[in-house]
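Working notes, structure below.
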Amino acid sequence: MACGFRRSIASQLSRVLDLPPENLIKSISAVPISRKEEVADFQLSVDSLLENNNDHSRPDIQIQAMRLAEKLKCDTVVSEISTGQGTVNFKINRELLTKTVLQQVIEDGSKYGLKSELFSGLPKKRIVVEFSSPNVAKKFHVGHLRSTIIGNFIANLKEALGHQVTRINYLGDWGMQFGLLGTGFQLFGYEEKLQSSPLQHLFEVYVQVNKEAADDKNVAKSAHEFFQRLELGDMQALALWQKFRDLSIDEYMRIYQRLGVHFDEYSGESFYREKSQEVLKLLDSKGLLQKTLKGTAVVDLSGNGDPSSVCTVMRSDGTSLYATRDLAAAIDRMEKYNFDKMIYVTDKGQKKHFQQVFQILQIMGYDWAERCQHVPFGVVQGMKTRRGDVTFLEDVLNEIRLRMLQNMASIKTTKELENPEETAEQVGLAALIIQDFRGFLLSDYQFSWDRVFQSRGDTGVFLQYTHARLHSLEETFGCGYLNDFNTACLQEPQSVSILQHLLRFDEVLYRSSQDLQPRHIVSYLLTLSHLAAVAHRTLHVRNSPPEVAGARLHLFRAVRSVLANGMKLLGITPVCRM
């Protein structure tokens, strides 16, 4: 990608440096655009060439760059060669740049940037992504929103790159909280409320029974006994648990549909209640299980009895724990999917838990444990609705839709829409996702309702507005101009800046594929939208000569296509009117 320009430059460099072109491809990068000056299209970092050089004298980088530039020649692709601070810079023939980039964007469609030489030679893998994973007995809160949208982004990106992706929602549907919930429902539950609003009612019951159990030992004892009945397979207890689970999943699926998220498998800790006992037996047979004075069973991760480096895998009554069930799930998934990579997306508070799980798998002799990866994220602070603290994710989604509808109604330029509620939801979700994805995933961030709905500046609303405006341009002028175009009509600085930015899309996708951070794509799309806004103001289509109008429509169509591609990877549905 970068339309073959990178490979053409690498071929010339390989002859001078006596290195295979493949070794040079990733050292040649598209230059970020600059508002201050016109920049070259590509640059080679001389420092990157010297990284593997064993010559400790390492001559001055600038001298090396100049010597290399002198050996290179302009050709039909490269029109100018210069040097920068430790770099050799390449300017592409302007008309070739224009024609090739725009043709490539239109021809490749949703695959633009993904066919790049940066990705060539990378094997297609089987990848499992576990994300969202709410606890059935507890509130489906905003932390699960982060896991949901981050996991969805990672799965989207891996799928777009041609990998075979399995999306798993691993529900917290087992454990002591179900002892509390079963007892609590028998004491405080109402069947009508459970049927009409399962997540809300189960949460209310869970809060109430926790208070009772703290004050009344008999309630705590009943809860413990109920969970033991579950573990032993008591039919009556399991029937009540199954009802809680089924009703909750139905409501989750409705919420996921609003988010535009889907899963290939709804799994859960309950699937591994028996297999976790097999894991305990396996640990015991390998001499890894140690009993404590309290009757619990632990695995020593230090190898020398360090009490601070143990992981508890069994309660004193023989019931399993979260870690045990995660071990059983990992082993089962390897048998089922034979994955090359398994990614867990949870908050950073679970970092130690996953370190221990991966370490135990290694100790058990499973070499594939190194293929398991935890992608942690920080906490969202300050996300409250007008009624106060947020309890449920659905409250947030409803608030977003309501506020966006009010915003749209107050703006004079808002178009008449067939389904204003659906548009408001899509724009609102874009606003939420962009605010979340702008920084490092690991960072905590302060949520701001005011900032999230700004139509100007670096927001999701601005991205949606840009996409809708460009779509409107195509609708207004139709596709009659788009049969062919004159490259000489797109040589203004505004056009060239957009073309240079479009060149960089594959590098941005590559960076995000390496570190799984969506911020690279977010930053790229925001810059693209700002460039499009400037071009829209200065490069008029209306009242321009047909040849000029057609060329500009080609440019704006390419921008909209790449903008839509990037938004979809992030989990955003682009709107065509707003």
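Each Cβ is built from the backbone N, Cα and C atoms, and glycine gets one as well.
Note that this is a predicted model, so its numbers are computed, not measured.
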(request) Given that Swiss-Prot annotates SER133, PRO134, ASN135, TYR322, ASP326, GLN350 as L-arginine-binding, name the residue from HIS141, HIS144 that shares the site. (result) HIS144
(message) So if I draw a 10 Å sphere around the Cβ of HIS144 (L-arginine binding site), how many other Cβ atoms end up inside it?
(response) 22
(request) Would you work out the biggest C-alpha to C-alpha distance among SER133, PRO134, ASN135, HIS144, TYR322, ASP326, GLN350, the residues that bind L-arginine according to the record, and give it in angstrom as a whole number? (result) 18
(message) A 10 Å Cβ contact count, applied to the binding-site residues SER133, ASN135, GLN350: which residue has the minimum?
(response) GLN350
(request) Would you report the average pLDDT that the model assigns to the motif ''HIGH' region' (133-144)? (result) 80
(message) Please report the distance from the Cα of ASN135 (L-arginine binding site) to the Cα of LYS568 (N6-acetyllysine), rounded to the nearest angstrom.
(response) 28
(message) Within its own chain, what residues at least 6 apart in sequence put their Cβ under 8 Å from the Cβ of TYR322 (L-arginine binding site), listed in sequence order?
(response) GLY175, GLU269, HIS353
